[in-house]
Amino acid sequence: MNIFEELKARGLVFQTTDEQALVKALTEGQVSYYTGYDPTADSLHLGHLVAILTSRRLQLAGHKPYALVGGATGLIGDPSFKDAERSLQTKETVLEWSDKIKGQLSTFLDFENGDNKAELVNNYDWFSQISFIDFLRDVGKYFTVNYMMSKDSVKKRIETGISYTEFAYQIMQGYDFYELNDKHNVTLQIGGSDQWGNMTAGTELLRKKADKTGHVMTVPLITDSTGKKFGKSEGNAVWLDADKTSPYEMYQFWLNVMDDDAVRFLKIFTFLSLDEIAEIETQFNAARHERLAQKTLAREVVTLVHGEEAYKQALNITEQLFAGNIKNLSANELKQGLSNVPNYHVQSEDSLNLVDMLVTAGISPSKRQAREDVQNGAIYINGDRVQDLDYQLSNDDKIDDQLTVIRRGKKKYAVLTY
């Protein structure tokens, strides 16, 4: 099975400009290719991971990746299938975000070894050197307004309005392809299926300005089995930065993937062989309640993104919280595992009587209910049941001198911080 056949078997090929020519190029020699990442935030997220891992698969097959950080295009904003104009960021912010994204990409691509080691480029380096007049004369003249307006990504915005700034975005992305082809012999661009219009602007410019053929391959935008856009948890993006989405939160995200999606996602998001995945699928279908596919997915992706130690920690947090063994976890581990539960910062004037604190921290709705909860054995401090109405919280209840975990019943948690 050649690399293109494997990508197809994994469900990673959505569209290509000329499949036969692309397969020929990929099987006959080394292809230089690029994927672009606009710094629209200070971190990449799961939505980017499909293209990143596809790029890594091609590198493992001997081809040479260029990772383009859009320091210039990030200043403009991509209108593709967006309902409204993006807010423009300052140059300083975009350049700072660009540096962070560069660091994240080095986790996945090999920038050190071999003749196909990855290269990092930033389109701010060339766009900052081109005058507006030169850009219009040397690039803009190759694009008709009719051609630009025919793009689906632009059509959707015509009625609601699109600025010239965003309208020109596709020409800038097209010029990226031309520049990388001219300087580095890059002949293939990879990106999400929503980028098709912008990406083919590059092949158009190559054809008209340099009489060369470029290839485009899009990867699918991933949705779950209900059709919902994939990569968000409770409406929030799942970030690759551990400070924005902890390894534990990412682990839980994958653990909660629906059965109908789990095997498909193993093909897309892991480097397990297709034979290994087929074996997992057989075992998974025989005992779905054991969630083997989800557990494997969580292990593989968290290890890939954050490393084996982070995976082991996420697994330990999961197991200890499930068993109620709060004291077996550090304060930092508890912050990860209980990041979504109510948090109350204890004030110096607060009463440390347990009944009072249950009401103050919002764990019990009233003192009467709080007393009943304590007497009925429904209150746990750091996993230990407390039934003393006169119990006073003390330093002994602080884990690592930072926090106390109170549980009411089986599932209602609150974290007291000091």
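A Cβ is built for glycine as well, from the same backbone N, Cα and C atoms used for every other residue.
Model, not experiment: these values are computed from the prediction.
The feature L-tyrosine binding site is assigned by Swiss-Prot to TYR34, TYR169, GLN173. Every protein chain shown contributes to the tally, and the Cβ of TYR169 (L-tyrosine binding site) ends up with 26 other Cβ atoms within 10 Å.
What Swiss-Prot records for LYS232 is ATP binding site, and it gives sequence analysis as the kind of evidence.
Residues or ranges marked as domain 'S4 RNA-binding' in Swiss-Prot: 352-418.
Feature annotation from Swiss-Prot assigns motif ''HIGH' region' to 39-48. Summarised as a single figure, the pLDDT of the motif ''HIGH' region' (39-48) averages 89.
Sequence annotations record features per position, and here Swiss-Prot assigns motif ''KMSKS' region' to 229-233.
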Give the maximum pairwise CA distance in Å, whole number, for the residues TYR34, TYR169, GLN173 listed as binding L-tyrosine. 18
What is the three-state DSSP composition of the domain 'S4 RNA-binding' (352-418), stated as helix, strand and coil residue counts? 19 helix, 20 strand, 28 coil
For the motif ''HIGH' region' (39-48), give the DSSP counts of helix residues, strand residues and coil residues. 3 helix, 1 strand, 6 coil
